[in-house]
Amino acid sequence: MERVQTNTASLCGVQQKNLSTYRKHLLVPNIPQASLKYFVVICLTELGSKEMSDVQNYSDLMKRSRSVQRCPRCGKGPMVVDTAGGELLCSSCGYVIKDKIEEVGPEWRAFSKEEKDDRSRTGIPSSLAMHDMGLATVIGIEDRDASGKSLPSSIRATIERLRTWDGRSQIHEPIDRNLRQAFSELDRLADKLSVRDAVIEKSAYVYRKALERGLVRGRSISALIAASLYAACRDTETPRTLKDLAYVSNVRKKDIARCYRLLLREMELRMPVVNPEKSVSRIASKAGLSELAQRKALAILRQAQETHTSAGKDPMGLAAAALYVACVVLGENKTQKDVAEAAGVTEVTIRNRYKGLKAALKL
């Protein structure tokens, strides 16, 4: 890099003996030699040697370098960058100075210097749901070089051996193997339950904390990761039940519930009260109910909450009963069995909640 800068500097008329003159002239004695060469080259390129000779000090140089941002057509400014079109244009007259420019800034927003330094345009985003948080590198499976050409047969065996050792080096610790197995199961459960990324990240966070506290030892990884996912669903108010987790994970509901209570007790988790309104849309979709019935059920649930009728009741059963009440009021032909099967509760629960809502709301 220094050789390139020196050659560029010589092309712009900057000789090695003149660098000390520029250093004294600009009053910047702390700039290293290589950085000063590059700095002077940039100034000469932007301002020109004649204007550079008129610069009195460093602040004068900064003022003149800012003047370069003026439009070459109208002489005004400032210049703005259109990130969508990749153009540098004048905000006064609209003249396009450059087009097809590349955005080299950070990919995401940053609110501090540390966050700005951490932002990167390359690589996948880090994630707690990966055993290495997505920071490790992987040797590709295709035997091709950077230009796309096939590798010679003489080094393919070496690359294959490196690929094998690269995979082994990422899971050489027991904790890495545990996380890899757990998060592989988490991906499968999340795909089956169709939960969003925020729930997956929360699940991975809970499991990592449980692993740090030694709660995984002596317990099933499948049961504990399912319990972590259920805790994340409860925390984010995602309507998923223990029965759903047990069905997709092939783990008994009793085991998941035991691990869930363990997480609540040992990690002192505080879960919000489940809102039955969150389950209305899901039950109605499975039962094939109309949008009008959903709105009526939501209104019934709000009235039940205002009269404290819903206190201490199972949210899923209460939502199913509200939908059944809405079907009765609107005259939709749905039986208690249809709604109960869609909600995953018994018909007895529907009847009991139906009687309670009917008496409390005087329907």
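Backbone N, Cα and C atoms are what each Cβ position is placed from, and that goes for glycine too.
Annotated features in TrEMBL:
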- 67-98: domain 'TFIIB-type' (DOMAIN)
- Cys71, Cys74, Cys90, Cys93: Zn(2+) binding site (BINDING)
- 184-267: repeat '1' (REPEAT)
- 278-359: repeat '2' (REPEAT)
Limited to the domain 'TFIIB-type' (67-98), I'd like the whole-number average of pLDDT.
76
Entry from the binding-site residues list Cys71, Cys90 having the most other CB atoms no farther than 10 A:
Cys90
Tell me which residues of the chain lie with their Cβ under 8 angstroms from that of Cys74 (Zn(2+) binding site), as long as they are six or more apart in sequence?
Cys90, Ser92, Cys93, Tyr95
Protein Cβ atoms within 10 Å of Cys93 (Zn(2+) binding site), excluding its own:
12
